[in-house]
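What TrEMBL annotates here:
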type	residues	note
BINDING	THR43, SER44, VAL166	FAD binding site
BINDING	TYR223, ARG278	D-dopa binding site
DOMAIN	5-324	domain 'FAD dependent oxidoreductase'
SIGNAL	1-19	signal peptide
Amino acid sequence: MAAPKVAVVGAGVIGLSTALSIVETCPSCSVTVLSDQFSPNTTSDVAAGMLIPHTYPGTPIHVQKQWFKETFTYLFAISNSAEASEAGIHLISGWQVFKNAPKEELPFWSDIVLGFRSMSEAELQKFPQHRFGQAFTTLKCDCPTYLLWLEKRLKATGVQMYTRKVANLWELHSEYNVVVNCAGIGAHQLVGDEKLFPVRGQVLKVHAPWVKNFIRDGDGSTYIYPGIHRVTLGGTREKESWSLSPDPGTTKDIFDRCCSLEPSLCRAQEITVKVGLRPSRWCVRLQQEVLSQGEVKLPVVHNYGHGAGGFSVHRGTAKEAAHLVGECIPALQGSSSRAKL
């Protein structure tokens, strides 16, 4: 049969990395990315891009750990290559601090990041309102830079990219053999997933080049993440809020909270405000489905619902989605040979 045609719907970090994984694992496929928004206008462009996993209650921990490990290993290799600057990936050290010691002193990812340890009493003196802390080195993506790097990699392999609003996955059945749904929060409308809900995040991007270490409050509500050009200050977690408009009161609150963790930030300049809707779910939806109308069938692979943890697991889930696409191909070849009979 001719090269199977695969459409990936969505061009955030999940969509682009899934398309790249499909090209790598199923080289016989012709891959196209369809999205109504590309960088710099995706939810992923707003993300801080820190590799610190968020736990999905409905996904087994060993699966989440494997996704994170694959992502960390992949990005670590890029950070050690000549591509590091163009891909916007770098190592960063810092602290996660707690007002009260967490139930589990060792998170499931502690042996994947580098040099994970409890903070010393001397280090904790920097954070007088906190009683316990963890120090480690992890990776950070400058998200818009990384997305453009992924796009460049895809174009170099012959992947086509089109700006297109897909209203229904079935509308693609006459053009493509397999469809991969990486629509993020768009899947709420695209496939009617009522288990998917937005968690609104508002962040500030500031110029504060003297801040070199990340600082994260253990509950994840307040964080300071230095990037290559800007420091990301956050944040908010507003469930079921669909508003993309920045809120001035929230901006002041975020800035004040971050200054209480790192007082030197009060001198930060050039403050810009960004808002994104995290596509949140009880668990990542990573599975096959076959849509059918009469005798006509369309294999679909879903890969969405990563919430606040998309960057931390994007490569791991992309590889798994690509594997599911690979499983669809033999069935297609079987049906095409039957059609010839």
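Using the three backbone atoms N, Cα and C, a Cβ is placed for every residue, glycine included.
In this structure, the binding-site residues under consideration are SER44, TYR223, and the one with the smallest number of other Cβ atoms within 10 Å of its Cβ is TYR223. Summarised as a single figure, the pLDDT of the domain 'FAD dependent oxidoreductase' (5-324) averages 96. In this record, FAD is bound by THR43, SER44, VAL166; the longest C-alpha to C-alpha distance in that set is 19 Å.
The subset of binding-site residues (THR43, SER44, VAL166) lying with their Cα within 10 Å of the Cα of ARG278 (D-dopa binding site) consists of THR43, SER44, given in sequence order. The candidate set comprises the binding-site residues VAL166, ARG278. Of these, ARG278 has the most other Cβ atoms within 10 Å. The Cβ of THR43 (FAD binding site) lies under 8 Å from the Cβ of GLY12, GLY184, ILE185, GLY276, LEU277, ARG278, PRO279, each of which sits 6+ residues away along the same chain.
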